[in-house]
Amino acid sequence: MNIYVIMKRTFDTEEKIAIENGEISDDGVNFIINPYDEYAIEEAIKLRDDNDGEVTVVTVGEEEAEKELRTALAMGCDKAVLINNEDVEDYDQFSTTVILAKYFEDKEYDIILGGNVTMDNGTGQIGPRLAEKLGIAHVSTIVDLKLKGEKLTVERDAEGDAEVIEVSLPVIVTAQQGLNEPRYPSLPGIMKAKKKPLEVLELDDLDLDEDDAEGLTESVEVFLPPEKAAGKVLEGDMEDQVQELVKLLRTEAKVI
Amino acid sequence: MGRKTLVLAEARENQLRQVSYEAIAAGKKVADGGEVIAVLLGDNVSSLAPVLGHYGADRVLTVEDENLKNYTPDGYKQALKQVIDGETPEAIIMGHTAIGKDLSAVLAGKLNSALVSDVTEIDAEGDLTFTRPIYAGKAFEKKRFKEGLVFVTIRPNNIEALEKDESKDVSVSPFDVAIRDLRTIVKDIVKKTSSGGDLSEAKIIISGGRGVKSKDGFEPLQELADVLGGAVGASRGACDADYCDYSLQIGQTGKVVTPDLYIACGISGAIQHLAGMSNSKVIVAVNKDPEANIFNVADYGIVGDLFEVVPLLTKYFKEALQEA
């Protein structure tokens, strides 16, 4: 089986956001594999272990993403690919899709997995957009996956309801929390990962021009949410506190 | 010069969703005087159509087909693509819902179009600008699109619907489509959503953390939610401890919510949880620990045991609402 995982590095979820010179600052920020992509990696490794084949993890991003690719290799992926997206103007989800579609053009794939959304931009566009570009089916936000021959049965989380969906390969699926428990890289895994192939590609290598991937949207401003004023902590007898809160929510906050 | 704008309306359990009315209001802004056409897809939905006009759509198209009973990317894509070809809009608005976020990306992929996802504010003065949360609400960005057709999905509960005008005559017409070769087949749908419905659309959320201590510990929260017509949510801590299903999780992983009222019970307030709820309009914290981080974002706080406080809240809200 040819299994691919699309991965992105993101800020650690513990990180606070700071803005410098009108941009989100990554100064001193700790990066991780996007948590939803970790579910995709875990599922890909399990699929390979049950069905043979190999797992290739692909990221589009900056050179530094090599670190997260090595982590994915240490978890058990077989090969890694980093596609450098430097110098693309107004980089957006269209850009990523153009680059990935070009990369997959001459590949043979049975299943492509990814997270259903990233922690940073949080659009959830890449899976469905790429499926459309490749002309294959997709199912997003899956929490369960079973493969029987060429038939895949997945459970999709649709706002809390579970849809049981059947689809044939090749397919793109995007992972939702609950799909599995991603493993931690083991020490032997980390040692092995150092020797696994990690290919770095430039847009040129894909016969792409920076202009081909130029975004269709542009970011005009980033800003932090306004600081909240200190709240009111109530005091006194518990019954009185609760009655006061009920009153405040109805008359002051007017939300009930 | 206006922009002809399509708005995808969604029904759930034969009821139009509030976010669809909000999407019409968003469509009005984007259209800038251009026509706003609501499109309702389903297998038997035309009776719901006039209300979309009452909320501001200039006309309504109903697309009915047995293949549209349940959402599939292929079925909905084919249907809406045919509407797009017929109407040639310049903008398409959807809710950022399970259907909207998927379908918008599929069609934007197919048509090589711009898509601005999960928008919380639209500024139509001057250049059309969309505000959206990034890093799960730890920051925001303003975006513009360049040219051509643009897709926009809006986050529920953020853009206010227009006032309902039932006196308005509404033009409703069916739009015929041909749908074939669905590659994904929905075999079964298991309803898991508790009363109060989907978290992202809930106006009131009662949320529990580790302090809830067990599965049963969610019961008083559910009782309060029932009285207030709200939904129950949870922190990652509660989900990881298996007190509840991951579908309830609010936070940086999990759902990002912006209800009118968020009551956090026994939640310490880790930064990942705050990312998911700190943009709620009013936040109430109930926690035994006066130093808990959740009090830093709360508008109102009670230091106390949730198992004492929550049943009292239920009792006094019940009384207050009965009087009202």
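Using the three backbone atoms N, Cα and C, a Cβ is placed for every residue, glycine included.
Annotations in TrEMBL come from automatic prediction, not curation.
Listed in TrEMBL:
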type	residues	note
DOMAIN	B:5-193	domain 'Electron transfer flavoprotein alpha/beta-subunit N-terminal'
BINDING	B:ARG210, B:235-236, B:249-253, B:266-273, B:ASN287	FAD binding site
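Location within the structure of each feature annotated in TrEMBL.
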residue  : record           : Cβ within 10 Å
B:ARG210 : FAD binding site : 17
B:GLN249 : FAD binding site : 25
B:GLN252 : FAD binding site : 25
B:ILE267 : FAD binding site : 32
B:ALA270 : FAD binding site : 18
B:HIS273 : FAD binding site : 26
Taking each of B:ARG210, B:GLN249, B:GLN252, B:ILE267, B:HIS273 in turn, which of these binding-site residues have a Cβ less than 8 Å away from a Cβ in chain A?
B:GLN249, B:GLN252
Give the mean pLDDT for the domain 'Electron transfer flavoprotein alpha/beta-subunit N-terminal' (B:5-193) on the 0 to 100 scale.
96
DSSP on B:GLN249 (FAD binding site), three-state: which is it?
strand
DSSP-derived structure type at B:HIS273 (FAD binding site), helix or strand or else coil:
helix
Secondary structure at B:ILE267 (FAD binding site) (DSSP, helix/strand/coil)?
coil
